[in-house]
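**Q** Got a structure here, written out as structure tokens. Questions coming.
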Amino acid sequence: MTAAEAGVPALALHDVTMRFPGVIALKGISLEVNRAEVHAICGENGAGKSTLISILGGILPHGWYEGGLTLHGEPYEPNGVRAAEAQGIVVIHQELALCGNLSIADNIFLGHELTGGMLLKEEEAHERTSALLARVGLAVEPGRPAADLGIGQQQLVEIAKALAKDVRILILDEPTAALNDDDSDHLLGIIAQLRGEGTTCILVSHKLAEVRRIADRVTVIRDGAAVETLTIEEATEERIIRGMVGRDLEHRYPPREVSMGAEVLHVKDWTVPTLEDPERISGVNLSIRAGEIVGLCGLVGSGRTELAMSIFGRSFGGKPSGHLRIGGLEVSTPTVPDAIRAGLAYVTEDRKQLGLDLGSELRNNLTIVGLKKILRRGFIDDELEAGVVKKLMSRFGIRAANPSVAIGTLSGGNQQKALLGRWVLTDPKVLILDEPTRGVDVGAKYEIYSAINDLASRGVGVLLISSEIEELLGMADRIMAMSEGRISGELPARTASPESLMQLMTKEMR
Amino acid sequence: MTLDDKQASVKTRPAYGFAPMILRDLRRNSMVVALVIVVALFSFLTDGTVVRDANISNLIAQNGYVLILAVGMVMVIIAGHIDLSVGSVAGFVGAAAGVMIAYWSIPWPIVIVLALAVGGLIGAWQGFWIAYVGVPSFIVTLAGMITFRGLTLVVLGRNNIGSFPEGYRALGNGFLTDLAGEYETDPVTVGVFVLAAAVIALAAVRSRKRRLRLNGADEPFAWFLTKLVIQLGALLFVGFALARYKGIPVILIIVVLIVIIYTVLTRRTAFGRHVYAIGGNRRAAELSGVKTKRADLLIFVNMGVLAALAGLVFTARLNLSNPSSGTGFELEAIAAAFVGGAAIQGGAGTVGGAVIGGVVIGLLNNGMSILGLGTEWQQTVKGLVLLAAVGFDFWNKRRLARSRA
């Protein structure tokens with residue numbers, strides 16, 4: 001829209017190639033971003049989005065890559081993050097980078113402190129912070145520690161921090177990945193407002209609905225090159241997905257024959273206290289049969305993860321009350337090893353903190369849950385282990401150069417497949433999946449869905465926790481909703497709708 | 001085909017080129033490089049005194065305690081902890097052993113068992129606070145360092161206890177010598193080392209065959225052979241030196257046994273895997289079903305037992321229980337683990353690396369003593385070596401991280 005007025009693009013890449021040892025991350029990518037537009041970049045994990053962002057933000061400095069960049073028609077050759085920021089280009093990373101112990105104001109001026117002589121000018125910093133927070137619609141005290149804020153609010157502080165640096169081009173990497181719907185809405189509103197004020201935004205996102213809603217143009221990248229740049233009118237979800245994966249995805253959810261057996265998980269009157277809240281989880285009843293997939297939805301803070309982790313060996317909260325049967329076995333206060341032995345497996349939503357040992361080998365990350373399977377006469381047997389690992393990699397489509405690479409170097413999708421697949425080694429009867437496709441690209445999502453269906457068809461009962469209602473509708477047999485630590489309702493998947501579930505998720509339960 | 005596929009297919013045929021392979025090995029085994037440099041440097045500076053027969057034998061006897069402590073310490077560090085108390089614990093157990101032998105007249109073999117048990121109890125005490133109360137190991141073992149130094153003084157008063165039975169002293173400075181009669185070069189020692197060399201060569205060839213079968217490729221044969229020849233050469237050099245001097249030191253047998261047992265423990269048992277997993281990501285290990293608290297406790301019990309053994313060995317060699325013995329051992333053990341490639345954040349390190357690190361520290365002690373440098377300069381140099389080792393580790397990791405940014 002404002003493209004014609006400006007004439008030259010705000011930011012352009014010309015035939016940029018970036019090589020890493022053994023892999024070419026970007027292959028002659030060219031791209032033009034207009035002034036004051038929201039330009040979305042879509043691509044699978046591993047398509048080169050992170051590399052692209054790193055180049056734009058100066059994290060990969062000029063000279064490391066071939067090809068050139070221009071900023072408003074002038075050569076743009078940042079030699080580091082500060083140089084990029086000095087020219088008004090700021091990246092907000094997916095993992096937020098606020099120091100929780102510092103105040104909001106301190107965070108905003110971190111590295112660019114307002115000083116008079118040797119001393120900090122705290123009052124001025126607070127005043128300017130208040131003004132910046134007002135611009136992003138956040139009404140909090142600038143002196144509060146950043147750790148007090150929710151993720152959505154922290155994201156807004158990041159934007160305010162960028163504004164403090166006189167940002168002209170704001171690059172957001174999956175800004176809503178960890179946000180609930182309300183916070184996402186607000187954030188997208190702020191982005192639109194910034195565009196109105198003349199700021200250019202580059203938005204990297206997996207959420208196509210959100211891209212469709214806010215972007216002016218969309219560039220799809222695949223295998224390190226731009227496939228096409230579409231205006232928002234042209235950019236239907238189907239077309240974006242086709243560009244990302246290079247083929248049509250007819251079915252986003254693989255078909256499955258449902259056949260159910262005996263009850264494998266039985267939770268009755270389950271109440272879990274925490275220090276702050278004696279009824280953080282309260283009176284939950286839940287039953288899952290062999291081969292059944294039960295969906296569980298709820299807003300952030302509704303207690304989904306807390307419920308799952310309290311069932312999995314009391315990994316959350318204090319001593320629970322109620323009954324818990326896993327595979328017909330009464331285990332009311334199990335430890336994690338007890339729960340695993342009884343046949344429960346839990347795939348965490350927090351892959352990096354609670355799931356994987358990122359610096360360690362793929363192989364070790366896979367076998368750690370089932371070391372018994374690779375023992376021969378009490379000692380770990382390399383060949384047994386190699387066999388087990390090879391089987392898991394092929395069954396779950398875990399793509400890696402070899403089993404000895406550090407798992408942290410794999411794409412999010414492959415990490416997630418490993419996190420899920422390894423539980424096969426413990427022969428689970430019940431599998432709790434907490435956001436199994438978060439931050440995973442479309443192709444890998446399909447593979448994960450297929451793996452879930454396969455496990456269910458072999459008689460595993462699945463509890464699928466997800467924030468994506470569509471995913472629950474596509475995968476589950478019935479869907480339960482949680483609100484304020486309680487089950488607020490249950491619907492069969494075929495009659496449920498996003499609206500009816502949203503109603504249950506927002507129901508007041510206290 | 002997604003980029004993932006491509007990445008995979010590019011890398012499935014690993015580049016086993018000659019030069020890159022050498023560089024990779026050198027980078028991964030920086031402690032070996034350090035060892036070679038230190039040996040070469042001191043051989044030059046001392047006109048070869050360092051590698052004379054008697055000195056090689058001395059080197060082993062003098063540094064046995066460092067190697068024993070380094071093995072325990074590297075496991076502590078892999079699990080993401082630290083143990084500052086090992087010097088005091090070694091001192092305390094050495095003192096207690098002295099009292100048991102000299103004042104209470106308990107037979108020395110029983111004293112050894114009791115002393116190791118005391119070490120285990122001390123480890124359990126500290127492990128309890130770390131694992132079940134949740135106090136950081138740095139604090140618990142700092143407290144232990146002070147407490148057990150205090151208790152050493154309580155046990156000994158201001159006295160030294162000396163003159164232990166011969167059998168006990170052999171722990172520190174005994175030799176297996178002249179078992180087959182008196183020769184200039186002891187044939188038994190030579191035989192043992194030749195046998196060891198043969199076993200190592202055979203194991204190397206077999207594991208190369210297995211790698212070829214499992215991975216379809218391995219390092220070039222020439223490089224494999226070069227490394228093997230250097231290793232065996234060094235081994236036989238030491239073997240002949242010992243054979244010409246007094247034979248195989250008892251302490252060497254203890255150290256070799258410990259290295260073998262703990263290499264198997266860390267690499268081939270579920271417990272070993274748990275230790276690495278805990279150091280890599282404690283919460284993730286817990287949610288994988290690892291009993292992290294129990295493992296922490298066992299790691300410190302083990303460290304306590306090894307610290308006790310180090311205390312016994314040291315006391316036996318000096319033939320003296322002394323109120324200040326063991327002072328500074330913890331720093332040598334920690335330095336050995338880090339020079340040997342352990343990661344300060346936990347999750348990485350090897351028993352073999354720590355032992356080589358321990359030998360490097362021992363060589364520094366020994367070489368500088370021969371050169372007549374005082375403890376003031378020895379301390380200075382060792383401090384800088386530790387800093388350089390950890391600095392190199394960080395530099396290396398950052399470089400690797402950048403190459404895959």
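Note that Cβ sites are derived from N, Cα and C of the backbone, with glycine treated the same way.
Remember, TrEMBL labels are computer predictions, not curated facts.
What TrEMBL shows for this protein is this:
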TRANSMEM  B:31-51  transmembrane segment
TRANSMEM  B:63-82  transmembrane segment
TRANSMEM  B:138-156  transmembrane segment
TRANSMEM  B:188-205  transmembrane segment
TRANSMEM  B:221-242  transmembrane segment
TRANSMEM  B:248-265  transmembrane segment
TRANSMEM  B:297-314  transmembrane segment
TRANSMEM  B:334-364  transmembrane segment
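Structural setting of the listed features?
**A** With a threshold of 8 Å between CB atoms, the same-chain residues lying at least 6 positions outside the transmembrane segment (B:63-82) that come near it are 90, 130, 137-138, 141, 172, 249, 251-252, 254-255, 258-259, 262, 266, 275-276, 278-279, 282, 295-296, 299-300, 302-303, 305-307, 309-311, 313-314, 317, 329-330, 332-334, 336-338, 340, 342-351, 353-355, 357-359, 361-362, 365-366.
Through the fold, the transmembrane segment (B:138-156) approaches residues 82-85, 87-89, 91-92, 95-96, 98-99, 122, 126, 129-130, 321-323, 326-327, 330 of its own chain, all at least 6 residues removed from its boundaries and within a Cβ separation under 8 Å.
Sequence-distant contacts of the transmembrane segment (B:188-205) (same chain, six or more residues past either end, CB-CB distance under 8 Å): 176-177, 179-180, 224, 228, 231-232, 235-236, 238-240, 242-243, 247-248.
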**Q** Does the transmembrane segment (B:334-364) come close to the transmembrane segment (B:31-51), meaning at least 3 CB pairs under 8 Å for residues 6 or more apart?
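**A** Contact between the transmembrane segment (B:334-364) and the transmembrane segment (B:31-51): present, because at least 3 Cβ pairs are under 8 Å.
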